[in-house]
Amino acid sequence: MDSETALELVKHGATLLLLDVPQFTLFGVDTQMFSVGPLFKGVKMIPPGPHFVYYNSSNRHGNEFSPVVGFFINACPSEVLVCKWNQQEERLARLPEEEEERYSTAVRNLEFDRHLGPYSLSHYGDWKRISNYITKSTIERIEPIGGEISVSCESGVVDSVPQTAMEKALVEQLRNSKFSESAGRVNRRGCYYTLIPRVIKDKGIPGDKRTYLNLDKTQFLETILTKEYGGEEDLLLGELQFAFIAFLMGQSLEAFFQWKALIDLLFSCTEAPFSTRSQLFVKFIKVIYYQLKCGLQQDKKNHIGAVAGASVVLDDTWLCKDCFLHHLFKEFLSLVQEASVVDGDLLTWTRKLKELLENSLGWEFQQNSAVDGIYFEEGDEFAPVVVMSDEAA
């Protein structure tokens, strides 16, 4: 990059000025992570829009780390956000407005420029693909009081969530190793996620209908969309992305269970994917595809999680063949196979997700004509052949 282009990006991008952060602290923005050196004072050239900032404080040797603390920001062009390290609490804190303005002026005058690491624009595309439905209002609606997300404050929240035997073991493993030192932290209210019951138990509904509603959650999805999201499908997808990022980068167990609950809700709909909500499911499958691709890539690249305590990665511990996602996606594939009318884009992205799970995790799914036999090569592209009923045609 030539100096003139770099200067323009410095001026128009946002800047995170971080004062007095101890050496060896792990600091991340989106999919990028840094190990703090003696000259580090923040990150520059951050593109406008939503971002996730997270960090782990370290001991003086850089080989033991405290729990991740993370928070979302919505960066404006040329904005400067200033935080200072609180040594006693081992966390970043915002400065008083007047002091922040003084430092902001210094940043705009390039007085801190040589101490600021550049945001790597080559990784920005990966971030956009897993955050494209997150907006400023998404952040404001879901973030906890104070904005900070940390597993050290989640014990009461997580204990109230139904868990499988595997998930309980993972929770205990995480608490007893990386996070054991935080047990004395005072619990506080977590994120304001939408409540998604795993099982519909409304006593006012007859038993047979209640059973049907749990087998096909299409009607429940419509209720949630109307009541909680004002009918806006993208708001639901924004929450799905918020939860995944807080889980993957922020090590939040509460976020993992919300991510799981939303996936369970959508994959448990047998009618909606093939009706007027088909485009929601196209977008949903794309979101899950890029989330898993990002998480599994980070594991392979050894980028996030390269240093002990850096972040959670999606490996076969979280995504084993007996996990919730395997069972739900297997059922969804059967639905696609049996459907008489399927949206072409839904078929395309279902196939891509299937291939990703098979190639990256070694999952096996029964071959079927609906998912595996609908593509033919057309140059370098794959074009779907959509089989429709006579009535639909």
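Backbone N, Cα and C atoms are what each Cβ position is placed from, and that goes for glycine too.
Automatic, uncurated: that is what TrEMBL annotation is.
Feature annotations, courtesy of TrEMBL:
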DOMAIN    13-144  domain 'AAR2 N-terminal'
DOMAIN    193-366  domain 'AAR2 C-terminal'
### Message
Taking only the residues in the domain 'AAR2 N-terminal' (13-144), give me the average pLDDT of this model.
### Response
91
### Message
Treating G and I as helix alongside H, and B as strand alongside E, what does DSSP give for the domain 'AAR2 N-terminal' (13-144) in helix, strand and coil?
### Response
33 helix, 49 strand, 50 coil
